[in-house]
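Listed in TrEMBL:
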- 14-23: compositional bias 'Polar residues' (COMPBIAS)
- 97-258: domain 'Sodium/calcium exchanger membrane region' (DOMAIN)
- 290-433: domain 'Sodium/calcium exchanger membrane region' (DOMAIN)
- 14-42: region 'Disordered' (REGION)
- 76-100: transmembrane segment (TRANSMEM)
- 166-187: transmembrane segment (TRANSMEM)
- 199-220: transmembrane segment (TRANSMEM)
- 240-258: transmembrane segment (TRANSMEM)
- 291-312: transmembrane segment (TRANSMEM)
- 318-338: transmembrane segment (TRANSMEM)
- 358-381: transmembrane segment (TRANSMEM)
- 415-435: transmembrane segment (TRANSMEM)
Amino acid sequence: MAGIVPEQWSSAENGNANMTAKGSSRELRHGGRTAHNMSSSSLRKKSDIRVIQKVPYKGLKDFLSNLQEVILGTKLAILFPAIPAAIIGTYCGFSQPWIFGLSMLGLTPLAERVSFLTEQLAFYTGPTLGGLLNATCGNATELIIAILALTNNKVAVVKYSLLGSILSNLLLVLGTSLFCGGIANLRREQRFDRKQADVNFFLLLMGLLCHLLPMLFGYVANGETSAGLVADMSLNLSRASSIVMLIAYIAYLVFQLWTHRQLFDAQDEDDQYDDNVAEEETAVISFWSGFAWLVGMTLVIALLSEYVVATIENASESWGLSVSFISIILLPIVGNAAEHAGAIIFAFKNKLDISLGVALGSATQIGLFVVPLTVIVAWILGINMDLNFNLLETGSLALSIIITAFTLQDGTSHYMKGLVLLLCYIIIAICFFVDKLPQKQPNAIHLGHQPMNNVAAAMGEGVFSS
């Protein structure tokens, strides 16, 4: 979940929500919106419902009003035709790479609309439940794709896609935001509050430890240790670590939404830039309408995600790209394009706290919630999925976290910091683009083509034989 942002918003609601006590408006303004919501809101457009108001039938008028707000109330509405195109193409015999591409395009506006709907529901549920709802739905697309890939026993795709989401947020989204914000504010020093970033990096480093230890089992094993035993040790450690990671994420939510909410509200009176972020907003659809739309869009996301999982290998072969490159680089870029664009827009406005909340908050949610949750779900389904993402992938993750932490350590920003993060992401993208090695087994411990424990044993014999 992206970090809570101290921007004002109204507790006014339509329908029965007008009975809400005025005294709660202050609390709702501070506690309900997240950086994820704020970034997505920059892609929304105000709806003109004057024509709809002339419809004489109330039921039809309400439906058309909801349709206007939910479907046409975003600048990404132009991509919605990709959804029926992907569904029709499936039954009309379109080539699988086409279905894969159309499904990815269709997921882009759906992810932004889920953010909009969770924000609408938060008007009625209050700031705390609204924050928890965003914590659940903030990265719904990645979670659904991961679970569907698990049910198809494509564990490698799950690991690649989740790793790609973290790398994309840390390097691509944050790097682009810092770079564009620095270029747009060359004569103005860009500053941000480090408190949110510090908490996120503590959690990301803890998650990195949980990825490193299962991988290192292969190095500490001697030549007499079977690969099966090492895999079992890695699997058991990963499952236990996943439970600990989920506990840490729950503690993070308590820290953010209850005990230390003031840390995330500290900037409220210091905002010097007056734009539509600070404008008071009201709910534009009713609670049950928002809930129904949210359920419906989640089902559509699940359908398109199923198409993505089923066609990714064929798209890989047709386009001449490895599955790892598509999963780590292309999937996160297209799937999170809406909130990424929003983060960049706020960086242009010198609102780096929102941009950082999007990038670091989303990376933390993927690393500390979605990844361990998929391990637990795989455990329930009887599928062996561990936290060993292999040496190349884990090394990329570790260096990305370290580089980003150093970049943000002084609480100031300029375009050079963003450029370095972007270049690091390009280097990692090139690495997986040229990686033509066969797809690794889901839970095997590999270093290149060789089991890691055999390599470690050979290295040990070479060292100690002398």
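Just so you know, glycine gets a Cβ as well, placed from its N, Cα and C.
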Cβ-Cβ under 8 Å with the transmembrane segment (76-100): same-chain residues at least 6 beyond its ends: 43, 106, 108-110, 112, 300, 303-304, 307-308, 310-312, 314-315, 318-319, 338
Residue numbers, six or more beyond the limits of the transmembrane segment (291-312), whose CB comes under 8 Å of its CB atoms: 66, 70, 83, 86-87, 90, 96-97, 99-100, 103-104, 106-107, 110-111, 113-114, 117-118, 121, 137, 140-141, 144-145, 148-149, 152, 154, 157, 285, 323, 326-327, 331
Per Cβ pairs under 8 Å, the stretch of 166-187, 199-220, 240-258, 318-338, 415-435 packing most closely against the transmembrane segment (358-381): 240-258
The domain 'Sodium/calcium exchanger membrane region' (290-433): DSSP-derived helix, strand, coil residue counts: 120 helix, 2 strand, 22 coil
In contact by Cβ distance (the transmembrane segment (166-187), the transmembrane segment (318-338); 3 or more pairs under 8 Å): yes
Chain residues in Cβ proximity to the transmembrane segment (166-187) (below 8 Å; excluding those fewer than six residues from its ends, i.e. six or more beyond): 204, 328-329, 332-333, 336, 339-340, 343-344, 346-348, 350, 352, 355-356, 358-360, 362-363, 366-367, 396-397, 400-401, 403-404, 407, 413-422, 424-425, 428
For the transmembrane segment (199-220), distant same-chain residues with Cβ under 8 A (at least six beyond the ends): 3, 166, 230, 233-235, 237-238, 241-242, 244-245, 248-249, 252, 255-256, 360-361, 363-364, 367-368, 371-372, 386-391, 394, 397-398, 401, 404-405, 408, 445, 447, 451-453, 455-456
